[in-house]
Amino acid sequence: MDDENATLLTEFVLTGLTYQSEWKIPLFLAFLVIYLITIMANLGLIAVIWKDSHLHIPMYLFLGSLAFVDAWLSSSVTPKMLISFLAKSMIISVSECKIQFFSFGISGTTECFLLATMAYDRYVAICKPLLYPVIMTNGLCIWLLVLSFIGGFLHALIHEGILFRLTFCNSNIIHHFYCDIIPLLKISCTDPSINFLMLFILSGSIQVFTILTVLVSYTFVLFTILKKKAKDIRKAFSTCGAHLLSVSLYYGPLLFMYVHPASPQADDQDMVESLFYTVIIPFLNPIIYSLRNKQVIDSLTKTLKGNV
């Protein structure tokens, strides 16, 4: 009987960020402003890089790709979340849930690979400056980007395939503001052990690989910087500082989610942490990279003056 009911399940109910009605309109307005700025800032950064031929180098190719993924990541989650603030109950169909989960999975994993790729690019630029044009060719850069997106696609596809083979009959209420894997596994009436195992193996491997790539790259960068003159040190730190800040902000909440114990309070913490890297990080990244990058600021200023 449970399997029959599970087969007939056509929708989930998202609990959203808050039950308190007095907070819904203020939160809607706040996140609407954040989302609009996120989209405009990331697309604006892409436009600046596209328009200025001086920025057609690997570093900015990766930065433009990161801006695209940030806009995609935010758009996978935020529009539905905004609707939830205005609706009495947040119902999402199983088909919509699958699409949201898949879209979020691709963009989130691709961002991890892009951050690692950008760290490697900085390593080559600072540690092997004379060989940089030889190593970071257009072909290699495009290949690294393609691999990042393929990795994100395959990772999301595998989890999507094994997740929605489960049956959901315990409840159709997802304690989250979007269709995330852990809240979905919690309401499954089928044994999700294989899902947790694959989550540990695949997601864990990706996290370890990308974090190690960043750490090893910047360890070599740090040792190289310390041998340089004060002027060169400042220039190197200005180049790497934005990326290091972005990596710290992205991986901090992500790693914390895996180490704190499971509890009802932890579920609420997970929502706050998810909110940080799905909404806040895509909002902050273009600001961080623009304000700390003189070439981007100069190009943006030139573009704005040209349009006046």
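All residue numbers here begin at 1 and follow the chain in the order shown.
From the backbone N, Cα and C atoms, a Cβ is placed for every residue, glycine too.
Annotation source Swiss-Prot lists disulfide bond at Cys97-Cys179. Within the same chain, residues at least six positions away from Cys179 (disulfide bond) with a Cβ under 8 Å of its Cβ are Phe12, Leu14, Ile92, Cys97, Lys98, Gln100, Phe101, Phe104.
The topological domain 'Extracellular' annotation in Swiss-Prot covers 1-28 (among others) and rests on a curator's inference.
The annotation topological domain 'Cytoplasmic' is assigned in Swiss-Prot to 50-56 (among others) on the grounds of a curator's inference. Counting residues per DSSP class in helix, strand and coil order gives 5 helix, 0 strand, 2 coil for the topological domain 'Cytoplasmic' (50-56).
When pLDDT is averaged over the topological domain 'Extracellular' (78-98), the result is 88. The topological domain 'Extracellular' annotation in Swiss-Prot covers 78-98 (among others).
What Swiss-Prot lists as topological domain 'Cytoplasmic' is 120-133 (among others), and the listing cites a curator's inference. The list of residues near the topological domain 'Cytoplasmic' (120-133) in space but at least 6 beyond its ends in sequence, with Cβ under 8 angstroms from a Cβ of it, reads 58-59, 62, 144, 213, 217-218, 220-221, 224-225, 236, 239-240, 243.
What Swiss-Prot lists as topological domain 'Extracellular' is 155-195 (among others). Residues of the topological domain 'Extracellular' (155-195) grouped by DSSP class, helix first, strand second and coil last, total 18 helix, 2 strand, 21 coil.
The feature topological domain 'Cytoplasmic' is assigned by Swiss-Prot to 217-238 (among others).
The feature topological domain 'Extracellular' is assigned by Swiss-Prot to 260-270 (among others), with a curator's inference given as support.
The annotation topological domain 'Cytoplasmic' is assigned in Swiss-Prot to 292-308 (among others).
Residues or ranges marked as transmembrane segment in Swiss-Prot: 29-49 (among others).
Positions annotated as transmembrane segment by Swiss-Prot, on the basis of sequence analysis: 57-77 (among others).
Taken from Swiss-Prot, the feature transmembrane segment covers 99-119 (among others).
Annotation comment: Swiss-Prot describes 134-154 (among others) as transmembrane segment.
Look at Swiss-Prot and you will find 196-216 (among others) tagged as transmembrane segment.
Among the features that Swiss-Prot reports, transmembrane segment is placed at 239-259 (among others).
Annotated transmembrane segment per Swiss-Prot: 271-291 (among others), in sequence order, evidence recorded as sequence analysis.
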(Q) Assess whether the transmembrane segment (134-154) lies in contact with the transmembrane segment (29-49), where contact requires at least three Cβ pairs under 8 Å among residues 6 or more apart in sequence. (A) no
Q | Residues of the topological domain 'Extracellular' (78-98) by DSSP state, where helix covers H, G and I | A | 14 helix, 4 strand, 3 coil
Q: Residue list, the transmembrane segment (57-77) vs rest of chain: Cβ under 8 Å, 6 or more residues beyond ends.
A: 35, 38-39, 42-43, 45-46, 49-50, 100, 103-104, 106-108, 110-111, 114-115, 117-118, 121-122, 125, 136, 141, 144-145, 148, 177-178, 278-279, 281-283, 285-286, 289, 295-296
Q: Count the other Cβ atoms sitting within 10 Å of the Cβ of Cys97 (disulfide bond), across every protein chain shown.
A: 20
